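Contents: one structure, followed by commentary.
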Amino acid sequence: GLVVLGSNGEYPYLALRERLELVSCVHRALPKDRLLLAGSGCESTQATIELTVSMAEAGADVALVVTPCYYRGAMTSTALVQHYTEVADASPIPVVLYSVPANTGLELPLEAVLSLAQHPNIIGIKDSGGDITRMGLMIHKTQQEDFQVLAGSAGFLMASYALGASGGVCALANVLGAQLCQLHRLCHDGRWQEARNLQHRLIEPNAAVTRRFGIPGLKKAMEWFGYYGGPCRAPLAPLSPLQVEELRGTFTGNGWL
């Protein structure tokens, strides 16, 4: 499946009409047997509910709901459980929690995740924090629930599979999608040495298109692999020539270019 309007879709920079248009366009183009997840998290509970309903109407199968973070000091476990519960109660489609502390400065607390995992319309979490111990505990503690834990980055995808994660939502898939699908298959087939070799070659490129060079780096790398990256929306700036060469060196050094 595909995720539209995640962090790498420049979601915070898009107007409401643009967000809905994107989901509608992807829905029309995507084969019917593929899942379409759409980001619908807003700062207020009411706005999140309204956008989630609109996303469902535009064709989304699942809503990916990022943690509200502007008033992060007040975003206690109690507040977040209440927020997600109200959203899930009102949503016509299943909800996946989204914790991405690198962008929000707020990690969805483990106790909140375990509580929300019991909600019948909350079916999983995309955890991008990279704390593999936390992910392992999350998987262990939700085994009795209809709840899937998804790795939020290609950098720790194999480790997540080893602990029992269901899958991943990874920025690097925009560039090396086939390779990440291969890693998925190797892990599920128990071919751990081959999986380890592949995972090692993905760590540096993944870091380059996420925390090191971010979305401008991801878009530039997409162009090298035959996709259309295009310009970033301001205030995100394009890479400098030196940064482009550093990025190219990362992909070349790991045998991808």
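Quick reminder: no glycine exception, Cβ is built from N, Cα and C everywhere.
What you see is a predicted model, and the numbers here were worked out from it, not measured in a lab.
Listed in TrEMBL:
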{"type": "ACT_SITE", "residues": "TYR98", "note": "active site, proton donor/acceptor"}
{"type": "ACT_SITE", "residues": "LYS126", "note": "active site, schiff-base intermediate with substrate"}
{"type": "BINDING", "residues": "VAL169", "note": "pyruvate binding site"}
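TYR98 (active site, proton donor/acceptor) sits 5 Å from LYS126 (active site, schiff-base intermediate with substrate), taking the C-alpha atoms as the reference points. Around the residue listed as 'pyruvate binding site', the C-beta neighbours below 8 angstroms that are at least 6 residues distant in the chain are VAL3, GLY6, LEU37, LEU64, LYS126, LEU150, ALA151, GLY152. All protein chains considered, the CB of LYS126 (active site, schiff-base intermediate with substrate) has 26 other CB atoms within 10 Å.
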